[in-house]
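Undergrad: I have a structure here, written as structure tokens, and I will follow up with some questions on it.
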Amino acid sequence: MSNELTEIDEVVTSSQEEATQRDPVLDWFLTHCHLHKYPAKSTLIHAGEDATTLYYVIKGSVMVSSKDDEGKEMILTYLGAGQFFGEAGLFDEGSKRSAWVKTKTTCEIAEISYKKYRQLIQANPEILMFLTAQLARRLQNTSRQVTNLAFLDVAGRIAQTLMNLAKQPEAMTHPDGMQIKITRQEIGQMVGCSRETVGRIIKMLEDQNLIHAHGKTIVVYGAR
């Protein structure tokens, strides 16, 4: 287990990089968007509704999730500043939303209709590269997640999830690593296990001096 938190450094850090490396083309794109501010826990996308709009996170973070027929929620990912979402309908005209998207924190979101975005592509095809580059990285991350589900035990999945979260923009620098805020239930929804199991694994990681947990606050030692 001691290697699981140190060997996971290849996971997603793109949202941090993109948030601090704004490109002039991206700034041009944002001038054509409608900008909105949302409080935490606002629902931006409902699964099953028509897909007509592309979103871009300027500040804050959002949670992407799905629900089974019984209403049980599974957290698919968190997206932070510099990330697009709601793009599937852009390539599959007439499709319905397949997931729920809610703000995790207070957010500033840029929104643009698919029709307008396609017009921008005609004016400057480079704007499409921002989106396709992210989609390529997400596909890699999804492949990694599937591999983890197949080969890592639940303790390994939780350890990797904590390291992933420690690399998100809203994670706070701590003298011993990075500090995150997340509930046991949310972790369970991300890795596919019960809240009680998460609690036991968190305690085990603490005993191994890999993390420190107090309520929703978790310090991941050695993460930067």
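Cβ atoms are placed via backbone N, Cα and C, with glycine included.
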Undergrad: Check each of the ranges 12-18, 19-25, 47-53, 194-200 against Swiss-Prot and return the one annotated as DNA-binding region.
TA: 194-200
Undergrad: CA-CA, which of the recorded positions G71, I75, E111, T142 lies nearest A150 (3',5'-cyclic AMP 2 binding site)?
TA: T142
Undergrad: Just to be sure I understand the packing, how many Cβ atoms besides its own are within 10 Å of the Cβ of T142 (3',5'-cyclic AMP 1 binding site)?
TA: 12
Undergrad: Can you figure out which of K116, Q185, I187, Q189 (the recorded positions) comes closest in space to G71 (3',5'-cyclic AMP 1 binding site), comparing Cα atoms?
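TA: Nearest listed residue in space: Q189.
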Undergrad: Between I187 (3',5'-cyclic AMP 2 binding site) and I75 (3',5'-cyclic AMP 1 binding site), find the distance joining the two CA atoms and give it rounded to the nearest Å.
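TA: I187 (3',5'-cyclic AMP 2 binding site) and I75 (3',5'-cyclic AMP 1 binding site) have their Cα atoms 8 Å apart.
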Undergrad: Using DSSP and collapsing to three states, where does I75 (3',5'-cyclic AMP 1 binding site) fall: helix, strand or coil?
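TA: Note: I75 (3',5'-cyclic AMP 1 binding site) is in a strand by DSSP.
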Undergrad: So, in DSSP terms, is R97 (3',5'-cyclic AMP 1 binding site) helix, strand, or coil?
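TA: Reduced to three states, the DSSP call for R97 (3',5'-cyclic AMP 1 binding site) is coil.
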